[in-house]
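J.: Residues or ranges marked as domain 'Gcp-like' in TrEMBL: A:41-328. Among the features that TrEMBL reports, divalent metal cation binding site is placed at A:His126, A:His130, A:Tyr147, A:Asp322. What TrEMBL records for A:Tyr147, A:Val148, A:Ser149, A:Gly150, A:Gly151, A:Asp179, A:Gly194, A:Glu198, A:Asn294 is substrate binding site.
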Amino acid sequence: MPTRSPLKRPDRPYLALGLEGSANKLGAGVIRHEIDGSSTVLSNVRHTYITPPGEGFLPRDTAVHHRQWALKVIEDAVTTSGVGMHDLDCICYTKGPGMGAPLQSVALVARTLSLLFDKPLVGVNHCVGHIEMGREITGARNPVVLYVSGGNTQVIAYSRQCYRIFGETLDIAVGNCLDRFARVINLSNDPSPGYNIEQEAKKGKRLIPLPYATKGMDVSLSGILTATEALTHDKRYRPDDPPESGAEEDYFTSADLCFSLQETIFAMLVEITERAMAHIGSKEVLIVGGVGCNMRLQEMMAIMAEERGGTVFATDERFCIDNGIMIAQAGLLSYRMGFQTPITKSTCTQRFRTDEVHVAWRA
Amino acid sequence: MALLPLPDPSPTAALVRSSVLISQGAEAKVYRTTLHTGGGPVLLKYRFSKQYRHATLDATLTRARVAGEARALVRCLRCGVSVPGLRFVDVANGALGIEWVDGKSVRSLLGSGDEGERYREEDEDIAPAEDEDLFVGYKVPKDALMVMVGTEIAKMHLADIIHGDLTTSNMMLRHPSSTMNPLGVHQLVLIDFGLAYTSTLAEDKAVDLYVLERAFASTHPESEPLFSSVLDAYKRKMGKEWPAIGRKLEDVRLRGRKRSMVG
Amino acid sequence: MESFAYPHFSSIAHVALFDRVTNAGEIRARIVRASSLEGDEGDAEREAVSFAFIDARLVTSVLHIQTAITQALLAAAQNTLRTKTVHSEVIWALNPSNNITEALRRYGVTDDSTALFVIRIESLASIDVRSRMSAVVEGTLVPMSALAGLTDWVAVKKYNKLGGDPYIKEIQNDPAHEHHLIDNIVVSFVAMKSVSG
């Protein structure tokens, strides 16, 4: 079925530096596309802006963090890669979507490097970066993609040089929902609130009924967040298991709420992913984005895929969580198809839909 | 009364075993069955359990969806929307028995192009095709068929039912000579209300239409004049409700249904 | 009389339609008395009237009856009977509300019933049902098709609360269409009774 790829085998190795800073992670990485068609990750460095428990990250403070760490992170990435700035073919940066100020701070660095070393710029869609890195790492050929992060929740499938969005959240993103609940129950933001929710959920036992809101291939998550928050004011709520509680006592803990929140939300995500797979007749599913690290989500997706005789592909935190290398990967694919971003057009955009990108490198 | 010592603990499981599988979707298997002698064929929709989700959540969802689909169908019937009636409900086992519709899907009547969408629908028939002779004589001009489609959807929307999954596969033309069709005329029947819900919002109705528009575009080559006939008939039937929905439809088309998200 | 097999319930339903019934009041009285009789005599009398007696005026089609039997058999199999027997459950299934007394009063045999459906549900082993029915009911056994002249559509609409439906009003001058639709609706009501309300 797949027609010949429009992307030609490289006549020589190609090198790209990728810079990412659309949210609270600052990342830089260098990738090399080899003449045999494979890719090598030469470096992948990240620094995360971590806020105190109960607090989210604000755009201005995050931009300050990125400016403070940009040189260190990029220097580490380039040094580790073992190649020099002059060897690069292009510098790739995140054009969007994301938070305005952090995006701009990184784009400014990219522009400066571009002028300093006389290297072409390639603006990259953050979501396409996730998809391309996921495909490269896992070897998934034409998967349905579940992209789940702090800012995005989308079910995507490739069709005619476009990553079409089949379903998505109608309100808040899944990572946002989990993070906000983590703040309600005062979980640490280190290494990430979502990670700590996952650990809490492992201790949960009782499934507390929460709203379940799928609408075709879309989901709605804000009602679930509100309902879960409201349960922390319920008289049956205990932050932790009481030391000597009677078996008959009716209560639930924050661990139970984390468990119930994950079980409910992930069931919704797996359901819409399955619906998309059934719709297009695909047997592969790829999970990308920060929430994609969650082992329970991966497990549920794997069971679903197995029931359909399919396969699930997922990556670990190095590639799931926002990083520079994914920007380098998607940017270099597009550069090899002849795409460049002139410096006068090297802007950022907070809103940049996945399906706006012309995926020239795929058939 | 010494009655009915049942050998099989689940009659519905026995029923499923004795039925003929016709298609399998993401959430349900669809069978052709008979509930008893002296009765016509029945379409059995069996929502199997999903191992990936918590057992309690799975049971709750299955019950809610079977009940939801049943309610949507009855609401449609009462409002004169042509849909199949209910014949059997076993909510505990996720089974719904629905009146069998003798006929052909609009999708197959229009004939889908070979090129175009390269995706295949998974819900394709598995069982061998029905006796083709039954379908001889669907002498309905395409335009008349499109008018029927638009009118039936309008009736459904006037009843504040949102189908949730309008495609040309989910509408059937009932053959006039079918024994189940006492009216003796071609009748367009809407089916598969598994994703249906009630709403009075113009936005939801517009999205329903948009989903169908996309389905036309991806399934039928040169679908534009076809869909515009559908829309014309829909407008006529909706009357003064149309302008609000029409405006929303424009919005929905522009943004491709989805809002822009911040990364 | 017709017999319908429900193979996945390992059951068979014998359904007879009697018209010009003259002893409806007596049948009703026997059912009431049988429930309180004790000893062997009680068992024998209960067995003699072990049928579902249904006033045919509120029945819209044989399918209507068949559907109520299906749902009653399902409730019996799942131990969720709302009434004492599968026969009374058939009557309960026909009534849109959950009120058992109301179901018996409206759909069961009443003193002024003149046309009755008599139903006996059995495991597959067969007995001579027809003669047992005739021993209880004084009336004329008629074919199922005779129901067409027996259904009281006004009462059906009233008890199923369909009289106010705008669409049904709209088609009331087209009886064929109206009756077909109402039948489909009430059959659907019976089928989905376990999840309605």
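Including glycine, each Cβ sits where the backbone N, Cα and C put it.
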J.: Would you please pick out, from the binding-site residues A:His126, A:His130, the one with the fewest other Cβ atoms within 10 Å of its Cβ?
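T.: Relative to the other binding-site residues in A:His126, A:His130, A:His126 has the fewest Cβ atoms within 10 Å.
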J.: With every protein chain in view, how many other Cβ atoms are within 10 Å of the Cβ of A:Asp322 (divalent metal cation binding site)?
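T.: The answer is 28 other Cβ atoms.
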J.: If you draw a 10 Å sphere around the Cβ of A:Gly151 (substrate binding site), how many other Cβ atoms fall inside it, taking every protein chain shown into account?
T.: 23
J.: Name, in order along the sequence, the binding-site residues among A:His126, A:His130, A:Gly151, A:Gly194 with a Cβ closer than 8 Å to any chain B Cβ.
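T.: Filtering A:His126, A:His130, A:Gly151, A:Gly194 for a Cβ under 8 Å from chain B leaves A:His126, A:Gly151.
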J.: Going by Cα-Cα distance, which of the binding-site residues (A:Gly151, A:Gly194, A:Asn294) sits nearest to A:Asp322 (divalent metal cation binding site)?
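T.: In terms of Cα distance, A:Asp322 (divalent metal cation binding site) lies closest to A:Gly151.
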J.: Give me the CA-CA distance between A:His126 (divalent metal cation binding site) and A:Gly151 (substrate binding site), in Å, as a whole number.
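T.: Per the Cα atoms, A:His126 (divalent metal cation binding site) and A:Gly151 (substrate binding site) stand 11 Å apart.
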J.: Non-local Cβ contacts of A:Ser149 (substrate binding site) (under 8 Å, 6 or more apart, same chain)?
T.: A:Ala23, A:His130, A:Ala173, A:Val174, A:Gly175, A:Gly289, A:Gly290, A:Val291, A:Gly292, A:Asp322
J.: For the substrate binding residues given in the record (A:Tyr147, A:Val148, A:Ser149, A:Gly150, A:Gly151, A:Asp179, A:Gly194, A:Glu198, A:Asn294), what is the largest pairwise C-alpha separation in angstrom?
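T.: Across A:Tyr147, A:Val148, A:Ser149, A:Gly150, A:Gly151, A:Asp179, A:Gly194, A:Glu198, A:Asn294, the widest Cα separation comes out at 18 Å.
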J.: For A:Asn294 (substrate binding site), which residues of its chain lie six or more apart in sequence with Cβ-Cβ distance below 8 Å?
T.: A:Gly194, A:Glu198, A:Gln262, A:Phe266
J.: Within its own chain, what residues at least 6 apart in sequence put their Cβ under 8 Å from the Cβ of A:Tyr147 (divalent metal cation binding site), listed in sequence order?
T.: A:Cys127, A:His130, A:Ile131, A:Thr153, A:Gln154, A:Val155, A:Ile156, A:Val288, A:Gly289, A:Gly292, A:Thr354
